[in-house]
Amino acid sequence: MGNSKEKIPLQRIDPFLWRIPASYQEGMRVPGVVYADDELIQQILDDNALQQVANVATLPGIVGYSLGMPDIHWGYGFPVGGVAATDAETGVVSPGGIGFDINCGVRLMATELVRDQIRGQVEKLADALFKALPSGVGGAGMRELTTHEMRDVMVQGAAWAVEDGYGFEEDLEVTEEHGCLAGADPDKVSPMAMQRGRKQLGSLGSGNHFAEVQYVEHIYDQAAAEAMGIGQVGQIVVTIHCGSRGFGHQIAEDYIKLAEVKQAGYGFKLVDRQLACLPLQSDEGKAYLAAMACGANFAWANRQLLMHGVRLAFSSVFGRKARAKEMPLVYDVCHNIAKIEEYEVDGQKRWVCVHRKGATRAFPPQHPALPERYRSIGQPVLIPGDMGRYSFVLAGAQGSMEQSFGSCCHGAGRRQSRTAAKKSISPRDLLDQLAARGVTIRVHSKSLLTEEAPTAYKDAQKIVDVVHNAGLAQLVVRLKPVIVVKG
DNA sequence: ATGTAC
């Protein structure tokens, strides 16, 4: 039960798909399903994350399957790399199924520059980026907000930032949800969360968050790459990975506590207290979704400010070859969120609350939520790897609608804990290793950097190959790191 | 992820 280490009875469905039968554990309402190849499934078994997939399958109102992506690993209650859909009428929302960093996500910008044009300017660009992008644990951001402005950010998201001079209307068209989740209500957010958030807009934070200058190293799908404006081998692009900082974290903490307090009254039988949840149709469930939307909107505004900082840094080094208009946003995705969406489940259309925790939306071609520009190729799916190897861009595919509630993986996935990673390599050795690979780095804390060593992560190539082969998303390009800026 | 634990 719960957190035991007993052997999970995995059934192999095909080379990339495994199933945990609902008979495995008392209370499972649906089977578990995990995407992995032979090597990844071994890593996943070692981590015990499959027990969490089985635990999530007991959630009240869960439909279809409890899903695990190939980058799955142990998390708070729910695994990171997990997807769960609950019936919108009779089901629950669980804050642990969204994660502490509400709307942690990724945005990718293109440039008109190629590798040869930045040679000799790399150190200068790295300094400019590090200066332009505030970072570090608890670090303040580019823009301190008044309480009134903070409320506007919570409701308007990325559009607030554009209106305040950080970017363009065009940026919003290629941001998931146009950078604003509906239903945000600042009155459902605690004063403590507001206080933490007011100082942090436009900051990278720490942990696995970063800004990275990369080049297009390999193109899998030329037509899709061109549609995204990243169709030239050697082309320079920039990835930003960040979320809602202390603001979203405080919202998550507040509502996890509320859910724990309320749990006894609901009478659910939960196999793990970290699955604490709120009925979607209860006042508390609605309040969480309204507060979560505030966190999500703050994160979109945050990435919009950070992107502005990147554009300023590039233009300070390259002048008119890297003006803001010459650095278009390709797309912005979130990978820690819950969304109300409609899917066909067991032959019936149903509205469900899709929990994506370390999972990226991957809508296929022709989906009405996609901007015109991406209608024929599918939604850009941005998958950062680790800082030493590579990252990937994919396009959402039809299989995601049929199999995974419009979702796929979100990154490389940890294979080592933070403490294990720290023990395995010294800051000096890691910096030497990255230099040897031609990666220039600027980092706020060298001791925290080792927690993010490439060896702490699974091989992202193997992860994306699985979702590609399973038909959830199609590979478009592979990116190699040039400059990494981190907390 | 995170004012890196209550």
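Backbone N, Cα and C atoms are what each Cβ position is placed from, and that goes for glycine too.
Annotated features in TrEMBL:
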- A:Asp101, A:His209: Mn(2+) 1 binding site (BINDING)
- A:208-212, A:335-336, A:384-387, A:Ser391, A:410-413, A:Lys486: GMP binding site (BINDING)
- A:His241, A:His335: Mn(2+) 2 binding site (BINDING)
- A:His410: active site, GMP-histidine intermediate (ACT_SITE)
Densest Cβ neighbourhood among A:Asp101, A:Asp386 (binding-site residues), 10 Å radius: A:Asp101
Neighbours of A:His410 (GMP binding site) among the binding-site residues A:Asp101, A:His209, A:His241, A:His335 (Cα to Cα, within 10 Å): A:His335
DSSP-derived class (H/G/I helix, E/B strand, else coil) of A:Asp386 (GMP binding site): coil
Residues near A:Ala211 (GMP binding site) in space but at least six apart in sequence (CB under 8 A): A:Leu129, A:Leu133, A:Leu204, A:Val238, A:Thr239, A:Ile240, A:His241, A:Leu306, A:Val310, A:Val484, A:Val485, A:Lys486
Nearest of the binding-site residues (A:His335, A:Asn336, A:Asp386, A:Gly413) to A:His209 (Mn(2+) 1 binding site) - Cα to Cα: A:Asp386
Length of the line joining the Cα atoms of A:Gly413 (GMP binding site) and A:Asp101 (Mn(2+) 1 binding site), in Å: 16
Site of maximum Cβ density within 10 Å, from binding-site residues A:His209, A:His410: A:His410
Largest tally of Cβ atoms lying within 10 Å of a Cβ, found at which of the binding-site residues A:His241, A:His335: A:His335
Packing count at A:Asn336 (GMP binding site) (other Cβ atoms within 10 Å of its Cβ): 29
For the binding-site residues A:Asn208, A:Gly413, the one whose C-beta sees the most other C-beta atoms within 10 angstroms: A:Gly413
Euclidean distance between Cα atoms of A:Asn336 (GMP binding site) and A:Asp101 (Mn(2+) 1 binding site), Å: 7
